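Right, one structure below, let's go through it.
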Amino acid sequence: MMAALYPSTDLSGVSSSSLPSSPSSSSPNEVMALKDVREVKEENTLNEKLFLLACDKGDYYMVKKILEENSSGDLNINCVDVLGRNAVTITIENESLDILQLLLDYGCQSADALLVAIDSEVVGAVDILLNHRPKRSSRPTIVKLMERIQNPEYSTTMDVAPVILAAHRNNYEILTMLLKQDVSLPKPHAVGCECTLCSAKNKKDSLRHSRFRLDIYRCLASPALIMLTEEDPILRAFELSADLKELSLVEVEFRNDYEELARQCKMFAKDLLAQARNSRELEVILNHTSSDEPLDKRGLLEERMNLSRLKLAIKYNQKEFVSQSNCQQFLNTVWFGQMSGYRRKPTCKKIMTVLTVGIFWPVLSLCYLIAPKSQFGRIIHTPFMKFIIHGASYFTFLLLLNLYSLVYNEDKKNTMGPALERIDYLLILWIIGMIWSDIKRLWYEGLEDFLEESRNQLSFVMNSLYLATFALKVVAHNKFHDFADRKDWDAFHPTLVAEGLFAFANVLSYLRLFFMYTTSSILGPLQISMGQMLQDFGKFLGMFLLVLFSFTIGLTQLYDKGYTSKEQKDCVGIFCEQQSNDTFHSFIGTCFALFWYIFSLAHVAIFVTRFSYGEELQSFVGAVIVGTYNVVVVIVLTKLLVAMLHKSFQLIANHEDKEWKFARAKLWLSYFDDKCTLPPPFNIIPSPKTICYMISSLSKWICSHTSKGKVKRQNSLKEWRNLKQKRDENYQKVMCCLVHRYLTSMRQKMQSTDQATVENLNELRQDLSKFRNEIRDLLGFRTSKYAMFYPRN
């Protein structure tokens, strides 16, 4: 029987001496008895073994013959092999679809057959199984399928529902078949949900509950499922990536899994955008507004470019989507507008253009103020020209700050309340203009979006300091009219406080130029790296301050006890020769000494320990504390900071192009709208365009209360709805094209991989096996059903 089951094995040349001896012929210390401790199932009969072997070899005629001869029912058609696979499972794994149909017709059952077919991605088997299942009166839900599949009597090996498994495999064809069965998916609850269902599941099995949530999100993040079930796949990918990123911060045990799913959603949105073939499709995608977003009715009627989808991508931090080549090309076109020829000019002409606009920016601003709708005004309205004009205005403001320090009057140095100079009034005009610009951005963007930008935060702090400076100067001028030496002034005199705030505001004003580096492909990545390093330094600061505070408390408590006079403080503990050493007798002094010691700015003699007879123990403890501080901070924490900064820089350098393009897009978007066209201080002057808008809005409001006005308003709303519906239809048409191209590109990638080659080999093997069995059956080579066990020589 052994030779029959394993015909390729030759045991004739194996001597009995080479085989291991039985345990009975050897001592117990020389052999180890092996015993199967697992559940032993009933041994299959010879017919059952033949039945399973025929299914494995894909012999359709032999399987059919065995099933036809099983009229008495002696053969268990649901028998399993040593691996726990029944005939249906074996047939699915071998992709023998004709045998699968035959087995199902004869009533072979398998609880996890559909799961095996989905896991093996055998589309034909899934189609056969779904069509063979009896129709039910009620719609099956995923919860019911889960309960049925996870029933212990089925002994299934997969703890997942069919549609979830198909989504995990990202198989578009199988998902299409399953969704036609009217299945549903349970909506995942939040991590901290305290509803009755979540509390019961979490109490019963918290691991299963967390794993089920992860499986659901794996299903929802499947690109194939998103394309099939969502009308707006890009928006759904944005929302899912944000939810998954939030989940990765809450469920830290599965952080890597959730981060990988979030990355998958981002890459899907990027790849879908990459399928756009012309500017018209890009314009439809990037300007699409979802139903939940606020609409600009005037911009919609005037067919203005709002780029709402691109703004949403920046809000959701979709760096891959924004930095995609098609998106960047479209942004470049919008950025230069009517000055598209600027990019093709030589470098010298580019510099001359920028310098000319930078010098004559007041004249250009006045021209736009007078005639904003003219051809010249439209050129100024392009984002690139707005950027140059706003930059020139800010450089003029910095020049005024430098002039302010140069024209400082020494005669008024001791004046307690000096009057404002002419240059002060010019600075106030600029500051009011910058504040008005920030107020308009705050109004249109909202507080949350406004504060997300570090550039807006810096501008807010800077303008607040300037306002406080000039307010204190006005207070000092109205309250103080005397002259006195500065050393006699109060420490918090309004003039002194104003000068301090003004100095700090000047520092921030120049640091604000860093954000202009974002437009440069050379300086931009460096500016982004510096921002990331500052964030990492903030994390390091929390650890460093704790260590500094700990050692400061210890040294202060050690050296400030029992000493009240300077004579007693001389030469005590850690010693400083020839000068009074009271460094560690106060909290502030100890903190300063330990801080500056990191930069080698503290005198070395401070940390020399003097051992005397009376203070030997105290001096030794102080030396140990300072030595430990030296090791922990100077050696360990400082090197840790260097490693953190190097890691941050390397992380930005590895994704330099993506990070820079994303930061540049954020800067460019702030110049795309028509809310802040004029720079400070011209933006505080009411323009004719603003006056016309106000008059038009007022007249519309007045006319809306008349009968003709109401009819006109209804017609306008109807026109707006029709235009919105037309835009939505165009978006759906473009999205269908993108999905079709995406599926085609994915299919081409699959055909070029090794996996596709293996599938082709499997198909070829099945065809050859089928052909062999048909030839044998026709020629009558198989005279007995046991010929598979006893092949002819």
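Heads up, the Cβ atoms here are built off N, Cα and C, so glycines get one too.
Under the heading topological domain 'Cytoplasmic', Swiss-Prot lists 1-345 (among others).
Looking just at the repeat 'ANK 1' (46-75), the mean pLDDT is 85. Feature annotation from Swiss-Prot assigns repeat 'ANK 1' to 46-75.
Here Swiss-Prot flags 158-180 as repeat 'ANK 4', drawing on similarity to another entry. Note on the repeat 'ANK 4' (158-180): residues 112, 114-116, 118-119, 121, 123, 126-127, 130, 142, 145-146, 149-150, 215-216, 218-220, 222-225, 227-229, 743 of its chain, located 6 or more positions outside it, place their CB under 8 angstroms from a CB of the stretch.
Cys193 (Zn(2+) binding site) falls within neither a helix nor a strand when secondary structure is assigned with DSSP, and so counts as coil. Long-range C-beta contacts of Cys193 (Zn(2+) binding site), restricted to its own chain and to partners at least six residues apart, with a cutoff below 8 Å, are absent. Per Swiss-Prot, the feature Zn(2+) binding site maps to His189, Cys193, Cys195, Cys198.
The intramembrane segment annotation in Swiss-Prot covers 346-379.
For 380-386 (among others), the entry in Swiss-Prot reads topological domain 'Cytoplasmic'.
The feature topological domain 'Extracellular' is assigned by Swiss-Prot to 405-422 (among others), with similarity to another entry given as support.
Beyond its flanks by at least six residues, the topological domain 'Cytoplasmic' (440-455) meets 315, 512, 515, 531, 666-667, 670, 673, 675-676 of its own chain at Cβ-Cβ distances under 8 Å. Among the features that Swiss-Prot reports, topological domain 'Cytoplasmic' is placed at 440-455 (among others), with the record citing similarity to another entry.
Per Swiss-Prot, the feature topological domain 'Extracellular' maps to 476-496 (among others). DSSP labels the residues of the topological domain 'Extracellular' (476-496) in these numbers: 10 helix, 1 strand, 10 coil.
The feature topological domain 'Cytoplasmic' is assigned by Swiss-Prot to 518-536 (among others), with similarity to another entry given as support. For the topological domain 'Cytoplasmic' (518-536), the residues of the chain that approach it from at least six positions outside its boundaries are 387, 454, 644-645, 647-649, 651-653, 656, 659-660, 663-664, 666-667, judged by C-beta separation under 8 angstroms.
Annotation source Swiss-Prot lists topological domain 'Extracellular' at 559-623 (among others), citing similarity to another entry.
Under the heading disulfide bond, Swiss-Prot lists Cys571-Cys576.
For 645-793 (among others), the entry in Swiss-Prot reads topological domain 'Cytoplasmic', with the evidence type similarity to another entry.
With a threshold of 8 Å between CB atoms, the same-chain residues lying at least 6 positions outside the topological domain 'Cytoplasmic' (380-386) that come near it are 334-339, 342, 357, 364-365, 367-368, 372, 668, 671-672, 674, 677. Counting only residues at least six positions away in the same chain, the Cβ atoms of Cys195, Leu197, Cys198, Arg213 sit under 8 Å from the Cβ of His189 (Zn(2+) binding site).
Packing against the topological domain 'Extracellular' (476-496) from elsewhere in the chain are residues 413-420: each is 6 or more residues past its ends and has a CB under 8 Å from a CB in it. Other than the site residues His189, Cys193, Cys195, Cys198, same-chain residues with C-beta atoms no more than 8 angstroms from the centre of those residues' C-beta atoms, the Zn(2+) site, are Ala190, Glu194, Leu197, Ser199. Ranking the binding-site residues Cys195, Cys198 by other CB atoms within 10 A of the CB puts Cys195 at the bottom.
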